[in-house]
Amino acid sequence: MSHSDQAKAQFNLTKLQKRLRRQTGQAVMDFNMIEEGDRIMVCLSGGKDSYTMLDMLQHLKRVAPIKFELFVVNLDQKQPGFPEHVLPQYLDKLNVEYKIVEEDTYSIVTDIIPEGKTTCSLCSRLRRGILYRTAKELGATKIALGHHRDDMIETLFLNMFYGGKLKSMPAKLMSDNGEHMVIRPLAYCKESDISQYAFVQGYPIIPCNLCGSQENLQRKHTKAMLAKWDAEHPGRIESIFTAMQNVVPSHLADNQLFDFTNLQTGEVIDGGDIALDKPDIPKVPINSLQDEDASAEVVTINLS
């Protein structure tokens with residue numbers, strides 16, 4: 001590689017890193033994910049998303065105006081062929097607090113789920129319970145997961161298509177028992193950016209198919225649909241994500257979100273009256289997450 005090519009590659013990496021850091025910081029601020037004195041359990045699976053999340057949170061810890069702790073937890077589920085040495089070696093080099101939790105959920109899942117069927121749902125429930133228990137044992141105030149913007153959009157359509165709900169994956173979530181706060185710092189980050197960043201950084205990726213489970217076909221088809229839209233209609237994915245942040249309950253059909261029953265004349269409805277008009281659809285999709293100028297600096301974030 002020539003000197004100019006090296007310089008260009010470094011410039012692109014710096015630009016990508018700044019974008020991911022900026023988007024992570026913005027999500028943390030928008031959803032008040034991290035507060036003074038938090039002890040955050042970073043769930044590291046060995047995939048590209050969780051490695052990138054740890055990188056982003058470590059940077060945020062260095063530059064944030066508040067103090068908080070990070071510690072890493074990995075769940076070794078005893079899948080055949082799981083490279084047990086990879087994560088300890090990586091984390092030792094980072095000099096970060098971590099714990100490897102060993103739980104043989106693989107045997108439990110394979111005993112219950114017929115061969116050839118997807119095990120992801122049961123595996124996820126078992127994993128969640130173990131992580132909640134570990135968070136409590138280790139005094140975590142927040143649990144950080146590596147889901148990104150594309151995961152959230154895919155989940156929105158999966159729930160609409162197969163669950164009959166207008167529901168996605170929230171950037172911040174309270175567990176059902178009210179004991180654990182889950183945060184997703186990469187909520188504003190694109191999967192393509194994360195993939196590129198993880199590749200350039202050379203993270204020791206552990207494949208997610210060690211269990212031999214079939215990929216969730218519904219999610220696979222939804223991902224393919226969104227990829228096709230993105231290729232054919234640039235900006236559509238960004239517009240969908242923007243829509244998730246601009247909900248108008250009075251223009252949907254959920255009586256629990258908006259009191260249609262007691263709606264009276266003389267009231268001003270948020271979102272405007274379009275009952276007799278054609279909806280005002282912009283010709284160009286809203287793209288709130290366009291790449292900013294390459295020279296832009298990382299946003300300074302007040303997390304207090």
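Note that Cβ sites are derived from N, Cα and C of the backbone, with glycine treated the same way.
Swiss-Prot lists 45-50 with the feature motif 'PP-loop motif', giving sequence analysis as the kind of evidence. The [4Fe-4S] cluster binding site annotation in Swiss-Prot covers Cys120, Cys123, Cys211, and the record cites sequence analysis as its basis.
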- Message: Test of understanding: give the count of other CB atoms lying within 10 angstroms of the CB of Cys123 ([4Fe-4S] cluster binding site).
- Response: 20
- Per DSSP, the motif 'PP-loop motif' (45-50) contains 3 helix, 0 strand, 3 coil
